[in-house]
Structures are given as structure tokens and as C-alpha cells.
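Trainee: Once you've had a glance at the structure underneath, I'll fire off some questions.
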Amino acid sequence: MAKEIKFSDSARNLLFEGVRQLHDAVKVTMGPRGRNVLIQKSYGAPSITKDGVSVAKEIELSCPVANMGAQLVKEVASKTADAAGDGTTTATVLAYSIFKEGLRNITAGANPIEVKRGMDKAAEAIINELKKASKKVGGKEEITQVATISANSDHNIGKLIADAMEKVGKDGVITVEEAKGIEDELDVVEGMQFDRGYLSPYFVTNAEKMTAQLDNAYILLTDKKISSMKDILPLLEKTMKEGKPLLIIAEDIEGEALTTLVVNKLRGVLNIAAVKAPGFGDRRKEMLKDIAILTGGQVISEELGLSLENAEVEFLGKAGRIVIDKDNTTIVDGKGHSDDVKDRVAQIKTQIASTTSDYDKEKLQERLAKLSGGVAVIKVGAASEVEMKEKKDRVDDALSATKAAVEEGIVIGGGAALIRAAQKVHLNLHDDEKVGYEIIMRAIKAPLAQIAINAGYDGGVVVNEVEKHEGHFGFNASNGKYVDMFKEGIIDPLKVERIALQNAVSVSSLLLTTEATVHEIKEEKAAPAMPDMGGMGGMGGMGGMM
């Protein structure tokens, strides 16, 4: 297929047009008074969203060069969301402003490479000032404030996220699901839970709830399949002498072994339950090891030279309470050494940092949470499917942003942090590097201006007023007042501001230093020919009518 090439100003102007269109669609969602965007779906009802990245993801332009510009900035919005959970609109607004200012200067003759160098230096200096101005997230109240702002000022969502984090800790897993009704709920599972239920309903101790509960129990862990009773008989006799319940976690328990366990349970000889080991393959081995470390036990594996026949009571794990239903097993109050658990947690964190697979990362984070204290499930309620999707997106964003705040700290929100940081930056640059520096200094005012415009105020006037002051002084777009942002709880995670600025500068630099674009020429499809009408029979005899 033939390709078309665009050069220099012609290419950059078309790229800018794509960035402008994306920016104009996304910018309206910014701030507490941001507007909704209605998105047509290929089937079903249109979706309504105030989430910048959801809007950006839907945008495809007909002009191939303009579309390339839009796609590059869209990628920046997505990357910002992935890394920080929020700040997609901030990144888009910054990228547009930097590109617009830069394009004007490059068209006037500035050297793009020198301009880029100045932009990079300015961004780095601003980020350093942001870090100095940040403060660590203190208590539950600040977590609630961050989550509320990221959920588009929904205080109920902010409170749910803060409650969830308080219950499971900053390393705990918090998942978001759809509720059955219209109310939002929070469910917390304490201890380690895995998705394997009892192998026989005859192990049940509570017939009403259909659960098996074992208190102060031993746990036998093995990666073997148990089919013969003689494999575990010596160990059973030893545990019976101790008079404690026993949970067996094995690859499988079948045949004679399972039958004998059930019969002895029913007769009251043994207080016992059995479940299959969680996971598959290598992940199963790692999860068994996690349970062993949490409970102070040892996985009985032939790979380690251990056999069930020769196993001692010292190899068994211990837990204060174990609850098993038909689908899940929950181990609470494992008696493992806290130092061993900390070492295992550190090991899993290292694996999370080094893995490139999203699936592996998710599974490792689940394991980390189970070792760290529990899993919280936020159940989002809504009256309609459209509202449910929009609300679920907001909760996901707020959750990620809150984790970012706990990780790196917080700065004042409402677009004021960038302006305050820039006020403290004074770089002695020359020529076109200085042009790049000044481009960034002007562009960082854009987020605050846009928040004010969306709330119905004059962006320029608001920016000027904020620039006149220092410290935590900023603009509350919810009520149009100038306030102490920290006292009002208007805060942003440092990580969100940092990544938004870094990504915006990165993509703008790429666009400004682009000298040519190559794209396919769309071939015009010829209109299909009219079908052959054939001879119009019978017309020949009309001569006789004369």
C-alpha cells in the first residue's frame, strides 16, 4: 500500500490538531465541577463518564496524522493511570499546553533539541520542589480526603476506601465488585483465604451455615496426592494424642484415605477436615510454602526428602482458627514466626518489582495480601448498569490514587502544587534552553486554569490570585473560595503530580522533535458498477405505432 509523508511544520501542525481534539474532549472532566462525557457504544446504551482516561481511550480520529498525535497523548494518559491511578486529565492538559507553547516557538525558529533540553531541566527542578513540599499521609482522615477527591468528591467512596485500608493495611488487597443492591458495602476477610472448600460435606461442624470450624488446630501440608490411609496413619496417631483438630491440605485426597477420614469424623474419633491445595503447578508449591510460613509448619515434599510416613508433629503448622465452607478456606491467627513472615513478604515484593507480566504481578499481590493481613472487598451499588460502570471506574481510580498517596506522600491539590513548586525554581539557562524552561513555567498553570473554567470561573484571574500568595493558599473550585488547601483537605498524591508532569514533558518533547510522519494513503473504493440491465425486450415492435 502507498504511503504519504508529511514534513516539519505540516506534520507538526496536523499532530497538534489531533492532540487538541483529544485535549478538548478530556479537559471538561477535570476538577470537582468537571462535566460528563457521553460515549456511544457499539451495542447497548451509551456510557456516561467523568473519568479522563475512559474518554481518551474512546478517541480515534479520521485524519491519520492527527490520529497519531492523539494516540501518543492517549498512551500518556493510560500510562499515568497505570502508574499512579489518577492524573490522566492533568497529564493530557499539561501535554497539550506544553506542545502548544513549544510549537509556537519552534515555528518561530527555535531549535527543538535545545528547547527539549530546557524543558527537561525545568521539569526535573519542579519535581524536586514538589518532593520537598510533600508530606507523608498521616491518619485515616487524610486517606479519606485523598480518596474522596480522586472519586470526584464522593465522600462515601472516600470513607469506604479509608475503612478498607485501615482494616487490611497498605499492603492488603482491596478489590472492587458490583453489589447486588444500590447500597455500597465493605466486606473484610481477615487472615489467609484461598479458594478451596472441604472435600466432603461430612467434615461440616456447623450444619446451619454448612461450615467446618477448627480451633487451635494443626495443619498438615503436602504436595502429594493421598490415596492410602497407611501414608498418614502414623501422623494421625501422633496428633490424636495431642487432642487437637487437624486440617489436611494436599494435592488431593481420594479413595480409601478420604473414606476412612470421613467415617472416623462421623464416629467422633477424629476432629479433622481436608481440602485440596490452592493454585496449580509452581504457584501451588509457592502458596503451600506461604501457608507453611504463616502457620510455622513445613511442606512435606519428596523434593525436600520428606515423606508422610516419617513426618513428625513438629512439621505441622498451627492456627488459632480455621473456617472452611464449600468454596473457601480461611486460616486466622497463624502461629508462624513474624520474622519469617516479614522475610517472605520482602521476597514477594522483590518478585513483584521484577516481573513484567500483569497476570503474575496480580497473583503475587494476592499472595502478598494474604500474608500481610487480609483482603477487603468494596461492593459498589447503583440503580442502573450505566451508573454502576461509571461509579466502579471512580472507585478504581480513587483506590489507586490513595495507594499512591500512602506510597510517596501528598501535596496541595487543585493544580496549586505545580504553581507553588515552579515559584521556587530559578534556573540560569540561555538561548533556546531558556525558551524550553519558560514553556514549562507557563504550561504548569494550565491544570488550575482548567479546573477554574470547568467550575464556571475565569481561569486567568484564578491563576493570578493564587500566584500572588505562597504556602498552602489555593482555589477551592467546589465553592469558589480561596483557602488553605491542606486544612480544607484538598490534596493530591505526589506520585500523581510527578508522573503526570514527567509523562506530559516526555510526549511533548517527542512531538516537538518530530520532523516527519509516514502514514498509509486510504484508497478510495470505487462505487460498484450498476448491474447490466439487459435488453429491454418488446421495444422493437413500437415502430408499428407510427
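Including glycine, each Cβ sits where the backbone N, Cα and C put it.
Pulled these from Swiss-Prot:
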BINDING   Thr29, Met30, Gly31, Pro32, Lys50, Asp86, Gly87, Thr88, Thr89, Thr90, Gly414, Asp492  ATP binding site
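Can you tell me where each of these features sits in the structure?
Mentor: According to DSSP, Gly414 (ATP binding site) sits in a coil region rather than a helix or strand. In sequence order, Gly31, Leu448, Ile451, Gly474, Phe475, Asn476, Ala477, Met485, Ile490, Asp492 are the residues of the chain that are 6 or more apart from Gly414 (ATP binding site) and have a CB within less than 8 Å of its CB.
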Trainee: What is the biggest Cα to Cα gap, in Å, among Thr29, Met30, Gly31, Pro32, Lys50, Asp86, Gly87, Thr88, Thr89, Thr90, Gly414, Asp492, the residues listed as binding ATP?
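Mentor: For the residues that bind ATP, the greatest Cα distance is 18 Å.
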Trainee: Counting Cβ atoms within 10 Å across all protein chains shown, which of the binding-site residues Gly31, Gly87 comes out on top?
Mentor: Gly87
